[in-house]
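According to TrEMBL, the feature transmembrane segment maps to 15-34, 46-64, 76-94, 101-121, 133-152, 164-185, 191-212.
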Amino acid sequence: MDSIAVALEPYKDTVGLTAAIVTVVQFFSGVLALNEIRRQGNTKGFSVLPFLGCTVFCLLNIQFGQMLRDDGMIRVNFIGLALNLLYVCGFYLYTDGPQKTAVWGQIGLAGAFTVGVLSYVQYEDPKLVEFRFGVILTGLLWTLVGMPLLGLGDILKNKSTEGLPFPIIFLGAVVSFCWLLYGIILRSNFLVVQNLMALALSAVQLSLFIIYPSGAAKPPPSPAKKRN
């Protein structure tokens, strides 16, 4: 990895800026989901978990950026944090009354998890905290990227990728690739491992679009009746 890092070192600022731009573009992809929610007038068929997960991930990444002393990472995740907080608020606004309690419960769990992790970071041994914090972020990132695969059974059963958000998955692959390069330049094993696995998960999801069409599979036509 060192030889690649040395070769890419002169392009550090360019790679970092590119990673930041495509990440911000990906953050705005949540507008597509919110617009669909607005059009149907409720949150049926949608979950607040992707928005909450991204909110937590961005907040924790701000802390990780401070550890790495990387201002670019901090700025990008501040933008992501602000946008995803707006998405959570928009989701709650369109949630039906009886479901609002469940959303509040999920928000509470996400908040408790975030506070717990940030508190742990403040009191852990500085020699250990970067590694262990990186493990937590890696697990969270893989969960977020792999979340669309929870419907893999239905995709295989229906032989259709209808319902998978292609633009979001494609942008996620581009983002993972850019941060992978940036992680190599920074010689950050966690950024490399995080985004290498995230890129692999995105590749699996993108391959489904090649195997199966986006529309629902149509049943074969019934054979014509024989004429008397």
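Positions of Cβ are set from backbone N, Cα and C atoms, glycine also.
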Requested in this report: May I ask whether the transmembrane segment (46-64) has at least three C-beta pairs under 8 Å with the transmembrane segment (133-152), counting pairs 6 or more apart in sequence?
Outcome: yes
Query raised in the report: the transmembrane segment (76-94): which same-chain residues, six or more beyond its ends, come within Cβ distance under 8 Å?
Result: 19-20, 23-24, 27-28, 30, 33-34, 37-38, 41-43, 46, 48, 51-52, 54-55, 57-59, 61-62, 65, 100, 103, 107
Query raised in the report: Which residues, given as numbers and ranges, are at least 6 beyond the ends of the transmembrane segment (15-34) yet have a Cβ under 8 Å from it?
Result: 8, 46, 50-51, 54, 72, 75-76, 79-80, 83-84, 87, 90-91, 165, 167-168, 171-172, 174-175, 178-179, 181-182, 185
